[in-house]
Structure formats: structure tokens, C-alpha cells
Amino acid sequence: MERTFSIIKPNAVADNNIGNVIARFEKEGLRIAALKLTHLSKEKAEGFYIEHKERPFFGSLVGFMTEGPVVLMVLEGENAVEKNRKIMGATNPAQAEEGTLRKLYAKSIEANAVHGSDSLASAEREINYFFDKNEVKARF
Ligand code: RTP
Ligand code: MG
């Protein structure tokens, strides 16, 4: 059993797609082990995306991620990291497959509806960045 970290980004929250995203995860067999709705500070968003600090889109990305509330989740399930990436689809919604969350709910490559950890190591870092140990409840 694996854990991964997911964010429903500000555009998807603003469009009232929280329920649709969560329903999809549950339908695909992922369980929610932790969840909170919050509004990221600039500092928190910068720290989260620190690996992209030198990329040209960094400032814009941080601006977007702090423009409205987000939903932070820990998802649990078999092969959770890869399963979540498949459900999300490609970073750029123009390249995302039909039926993926990004194809359905993204507005642009930046406002692409969801984040999902890209490896088990990232998942561990990202979960610990946003959640205390006692906030994450094993479901399996
Ligand atoms: P994420 O980390 O959000 O799950 O997305 P990802 O792995 O598919 O994409 P990544 O390369 O890690 O980029 C992180 C986020 O930065 C924004 N982005 N903007 N303007 C651009 O060219 C550009 N490229 C990436 C997206 O919001 C992407 O999810
Ligand atoms: Mg990434």
C-alpha cells in the first residue's frame, strides 16, 4: 500500500469541482487518509515548489497557487503515486488524455486543476510539509 499527496488547485476549487475530483479518486480505489481546505501563503507555496525556483514560471505559479483556497489531501491505495498521476493526466491539459482530471477541469498548463506527487520520495516530503503525523489516518 502506498501514500501520495494531492492538491486540488485554486481553479478547480473556484469552479466547484472539489466533489468531482474526490469522487473520481474514490471511484478508482484511492482512499482519503487526510484532507484540509486552506489558503496557501506565498512562503508556503514557494517552499512547496522549491525545486522549480529557477524556472521562468515560478513566480506566476506561486501567484496562481495563492490566489484562492486549495484542498490538500493524502491519498492511500495500491500503487497510489502512479495511479494518481494516471488519473490526473499530462501537465499540459492540451496533451492530457480524454477523461483525465486535467482534461476535464484544467484551464491552462498553469491552472491545471490538480497536483500529484511524482514519486514515493516526493510524496513523503510533500505529506510531511503539509500534515502533522497525527493528522494522517491509515485507512487500509
Ligand atoms: P504537479 O507538480 O503540479 O503535479 O505537476 P507536474 O508534476 O505535472 O508538473 P511540474 O513540471 O512539476 O510543474 C509544476 C506545476 O507548475 C505549473 N507549470 N507551469 N507555464 C508553464 O510552462 C508551466 N509548466 C508547469 C503547473 O501548474 C504544474 O503543475
Ligand atoms: Mg511536479
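Yeah, the Cβs are placed from backbone N, Cα and C, and that goes for glycine too.
Note that TrEMBL annotation is computational and uncurated.
Keep in mind it's a predicted model, so treat the numbers as computed, not measured.
What TrEMBL annotates here:
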BINDING   LYS9, PHE57, ARG85, THR91, ARG102, ASN112  ATP binding site
ACT_SITE  HIS115  active site, pros-phosphohistidine intermediate
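The candidate set comprises the recorded positions LYS9, ARG85, HIS115. Of these, LYS9 has the most other Cβ atoms within 10 Å. The residue listed as 'active site, pros-phosphohistidine intermediate' and LYS9 (ATP binding site) are 7 Å apart (CA-CA, integer value). Proximity to ligand 1 (Cβ under 6 Å from any of its atoms) holds for these binding-site residues out of LYS9, ARG85, THR91: THR91. Counting in whole angstrom, PHE57 (ATP binding site) lies 16 from the residue listed as 'active site, pros-phosphohistidine intermediate' by their C-alpha atoms. Separating the Cα atoms of the residue listed as 'active site, pros-phosphohistidine intermediate' and ARG85 (ATP binding site) is a whole-number distance of 9 Å. Here the binding-site residues are THR91, ASN112, and the one ringed by the most other CB atoms within 10 angstroms is ASN112. All protein chains included, ARG102 (ATP binding site) registers 23 other Cβ atoms within 10 Å of its own Cβ.
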